[in-house]
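Novice: Before anything else, here's the structure in question.
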Amino acid sequence: MVIRNSDPGATTRPGIDLPARCGHRANPLLNITLLLSMMAAFLHCGQALALNPKLDRNLFHVSSTISRNVVFSPKVSGERVAVLIQSDGNNDTLVSKIRARGGIVHSTTGNILTARVPLSAMDELASYPEVTYVQGDHLLFPLLDLSKADTNVDDVQLGTDLPRSYDGKGVLIGIVDTGIDFRHQDFIDENGKTKILYIWDTTDDGGPAPKEISEPYGSEYTADDINDEIDGSPTNLVRERDTNGHGTHVAGMAASFGRAQGNYKGVAPGAELIIVKGGNGSFRTSDVMNGIDYLVKKATALGRPIVINLSLGGHSGPHDGTHLEEAKIDSLSGPGRVFTIAAGNEGNDLIHCGYWTASTEQDTQFKIYQSLDSSGRDISSGLIDLWYSTGSIEFKLQAFDVNTGFLIDETVWIKHGDEAKGITINDATQTYGRVDVWAGTSALNNQRNVYFIAYQENGDSGIHGRKVFWKLKTRGSGNFDGWINGGLFLVHDPVVPTDGNNDSSVGMPGTASQAITVANYTTRAQWVDVDGNSQSWSTEMKVGHIATSSSKGPTRNPSFTGQKPEIAAPGSMIIAPLSADVANPSRKYMISTNVHRVMNGTSMASPFVAGVIALMLQKNKDLTPQKIETYLTQNATVDAITGNSLPNPIWGYGKVDALKTIKATPAGTPPVTPPYGTIKFTSDPQSLEAETGTTATITSDPIHDANDNLVPDGTLFTLILYGSGEIITPDADGDYPGIQLASADGKVKFEYKAPSLPEKVVMYVSSNDGEADGKIEVPVYTKGAMGNKDPAPGDGGLDRCFIANAAYGTPMASEIRYLCNLRDQYLMPTLPGRIFVKTYYTLSPPVAKFIGKSETLRAITRFLLIPLVSGARTIVQGDHDHGTMLLLFYLSGGILSGAVIYRRWGKIQPTRKFQNELA
């Protein structure tokens, strides 16, 4: 992780001595004022959450008035706070209670839930007997050819000294990152088709949202959507863009085809990708956790092994493998489900301190980076997170003037059980900032935790390194570890034991016990940029050596987490795809192709190992994380640079060697990957005129492989149904993650029972090896209502809101997606909603046709739809109360207006063809 918005102009920095004039100024009146303000802060903590061991200390801060401007605060949407919840196993009861209090539950894995809960209900939530811990959402950050040759990946791809070659075919690689440039030629095959099966963009609620997530949000795109975008039929359907470029580079490292320039192929070019865009430059843990849940469910539905890469991390938490995101990763790991995580890029940064305290006072100096928001407002904040097991340790913070070295202000000594909010840091003339502090025992791991956060409100003069340097003072007995976010610990000259250091700098969730955590070493010393200039990253980067930025172990509890990092892989000066959506990329880091660039960090090393694991899973799809770790580490390269004293906190077990690892991996069941192609259903009826309960048999056309042979009988396919109705043959017990179909006579066949209301039902069928897929769109009409002719795309659009579609001119408009999400999520599940939808389907086609004839009417209608779309968007995004009021008010007016228009131009009779088009 690279901390953003560092302050190069600060006058305090690691490696220099601080002013020798540090000391208290004699000012009795000021001291009395400070003492009274401190007492007030402790006696009255405003709206602070109660000190409850079940509540994450990060939630203690969220209720302050500035919490939404502090980067370490949980995500707040309306009045709901994003949290991860650990239950006692009674998930159904807990989910019901959360929803009854106005909360939203997005995903459940084992006893870990992701949710958004009203702040007013947080203490009540912690009191539920089903709840064992509530963890606040926090930020994670990206952890920013020759590498393949150095690790023998080229030999594996060529099959050198192996019975066959391996390229990851049949294996999925899931990535949670900043998105992907799906138009980049490195992700498009020779037939112009994408290697990306799905993209879930969590940052865009235009929809349609994925059905794998409860209370879904964001927008999901399929391979069909992406291919349509690539070939231009239609365009502007896939709105996801990687404006950061980190995710595109990571995906290319793992699985690029290398077709853009015929080189820079990924480690597993045969693997297919599923992408979750979790943010543009930082990620909320709730989105990351929902993302990995989505990826595992997709892999399960497809019957495919998956390796999930997380090139992201942070340092808010215990670093011992017990944080809830790490518990969720461990729970989701298993045979054919493996996680690779970047160790972090803090190997050069003094983010850690820790020592045995004594009865005499000791201290560690630190500074806070200056950070500005997009408007230039100073939002600097720093977090000190301290953990210890036993003993009795007291802590306090002191702030010093960076120019004079004089003491400005200090907190009182903080002991176990104390808490306070809004402690002012000021002198006689100005307020520099505020401090919140929480000291208690965490129910997460039964460890003692002290949590300081310094921040500033509007009007405060500043707490950052241009104004202030700080001391963390200790006294008592015990051994602690501490990490800083938003700043750096400092060192004396010469260094003393209490100074900051870069030990235990592996970030979270990289301390998850079941994940493979990856360090970074150098395989490239320089490159030629797009202008023909020779460039190098740093004189400290030496080929074959560990990158100086690569984070180091150990964790706080190696007996639980195991060795961290486990393995090192190439990550320095890596050339991989450049997203076309990055604005003004530095030409220094672009290479001569103009579509690739150089990046550096464990972010690049982690997907390299993900690619190697994809090669292993191609050989044996049922490998467990433990077996994969064993084969990787036992076959790692040990040389004169790594030394023989391995494993160690820098290299783990050594440098990854793909060829030795694949040789050592025992052959098992591989993913089945016959090239069957697209499953077609053109011989079947594409619409049904049916009474409730009528069934139809759906049979595919004959499915052939590349040699024109029929698919073997018994080949398994998965059917997923979206919409009403049900599959009655084969038995559809539990329609998720999918209904299993077996081929016969080269075809797949099933029986479908029609629903009672007019709608289009969409069914997806894919072979379990992922090499064949098809989509069936079956409009189903109640007999006599809408006719039974085949629908065709037209000015009304399929499965869309007719009037809105006429107004916006395309069924893919984001406004229409909000309306459709509202219909599907909130109207169709209720009887009144279904009656409204049915009435709308009956009355709106002629109105839509009339509006579509005139651009003036279309513009007026778009204007009139603004409140309706706003209400739909508000509801879909979770603010039900305000959205519902707005929507009900507007719907009543809309229905009356529609009735007037329909009566005025009622002589316009829709044709049967037009009705079918609008169905």
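Glycine is treated like the rest: Cβ placed from N, Cα and C.
Pasting the feature list from TrEMBL:
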DOMAIN    168-347  domain 'Peptidase S8/S53'
ACT_SITE  D177  active site, charge relay system
ACT_SITE  H246  active site, charge relay system
DOMAIN    481-652  domain 'Peptidase S8/S53'
ACT_SITE  S603  active site, charge relay system
TRANSMEM  882-902  transmembrane segment
Novice: Under a three-state reduction of DSSP output, how is D177 (active site, charge relay system) classified: helix, strand, or coil?
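Specialist: Once the DSSP labels are grouped into three classes, D177 (active site, charge relay system) ends up as strand.
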Novice: What kind of secondary structure is S603 (active site, charge relay system) part of, going by DSSP in three states?
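Specialist: Where S603 (active site, charge relay system) sits, the three-state DSSP reduction gives helix.
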Novice: Looking only at C-alpha atoms, tell me how far D177 (active site, charge relay system) is from S603 (active site, charge relay system), rounded to the nearest Å.
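Specialist: The separation of the Cα atoms works out to 10 Å.
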Novice: Take the C-alpha atoms of S603 (active site, charge relay system) and H246 (active site, charge relay system) and report the distance between them in angstrom, rounded.
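Specialist: Here the two Cα atoms lie 8 Å apart.
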Novice: Give, as a single whole number between 0 and 100, the mean pLDDT over the domain 'Peptidase S8/S53' (168-347).
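Specialist: Averaged over the domain 'Peptidase S8/S53' (168-347), the predicted model reaches a pLDDT of 92.
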Novice: With every protein chain in view, how many other Cβ atoms are within 10 Å of the Cβ of D177 (active site, charge relay system)?
Specialist: 28
Novice: What is the Cβ neighbour count of H246 (active site, charge relay system) at a 10 Å cut-off, with all protein chains included?
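Specialist: Around H246 (active site, charge relay system), other Cβ atoms within 10 Å: 26.
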